[in-house]
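Written out below as structure tokens is the structure these notes cover.
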Amino acid sequence: MSAVRMGLNGDEKPHVLAVDDSVLDRKIIERLLTNSSCKVTTAEDAHGALELLGLADGQQNFSNTVSDVNMIITDYCMPGMTGYELLKKIKESPTAKEIPVVVVSSENIQTRIEKCLEEGAEEFLLKPLRQSDVKRLRCHLTKDGNPTDEGMLCVGR
Amino acid sequence: MEVGQMQRQWVDYTKSLFLEGLLDGQFLQLQQLQDESNPDFVVEVVSLFFDDSEKLLNDITRALEQPSVDFKKIGAHVHQFKGSSSSVGAQRVKNGCIPFRNFCEEQNIEGCIRCLQQLKQEYYLVKNKLETLFAMEQQIVAAGGSIPMLELSF
């Protein structure tokens, strides 16, 4: 079972797993992502996300796992396991560590940003997310050498 | 009132909400996410915000009434409120959360109570204004018109 597939074909939608404990923010991120032609699965906490990836401790039931996740976007501040701890678990997993993980937070705390990047986060973004943030992330998904049919340039903000 | 007039009123009303600082650019982002396939997106998001907010305000009020005030818990609620108001663009509500969090950290009960009053005022104000805005939208649509696209520069 593989939760990872890198390198998209030109006409395939990237599959993004979005993790946030706020139902409001989940609704917004889902819309932002579908508006950027992504397929979206959401989870309301880190444990739920791990279960969807088949990585939860002692997981027996794999019937609800999702496959072919191309990117994970997670909120930093969540009750129970934080987004940082989720990031660590993903990067420790032999099957999932190649999935780019983006951490989002409402707080611009330098030490927080640094430790996420050190742990292997692809990016650290501030909330609230805008369409331009998501478009840029979308760019990351196709920059591994595969030509995109939209000819998008990745421009820094 | 004919549709064109209703639409102009809607534009003026919306602009006033931005000029008064009640809403910020994030609200515009939400409007831009609304289209034919998601025609009620803004109302849905704002409804979630209203539900969340009522609950948070109740929880904070009750927590401040306890004989032994749990400032950490209140701080967590305020953090959540700051996040949700920021996500919908309710600028004055979001800004009202900032001093509140500071008072929680200082365990200053007077400060917290004052902030709660202020926050409730700002929240009910923006709630009222948004409900008025949505009622205007319903009238426009009922009269066969469509909601204008805003062109505001931020």
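In case you wondered, yes, glycine gets a Cβ from its N, Cα and C as well.
TrEMBL has this to say about the protein:
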{"type": "DOMAIN", "residues": "B:38-143", "note": "domain 'HPt'"}
{"type": "MOD_RES", "residues": "B:H79", "note": "phosphohistidine"}
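Long-range C-beta contacts of B:H79 (phosphohistidine), restricted to its own chain and to partners at least six residues apart, with a cutoff below 8 Å, comprise B:C97, B:R101. Helix first, then strand, then coil: DSSP counts for the domain 'HPt' (B:38-143) stand at 93 helix, 2 strand, 11 coil. Averaged across the domain 'HPt' (B:38-143), the predicted model reaches a pLDDT of 97.
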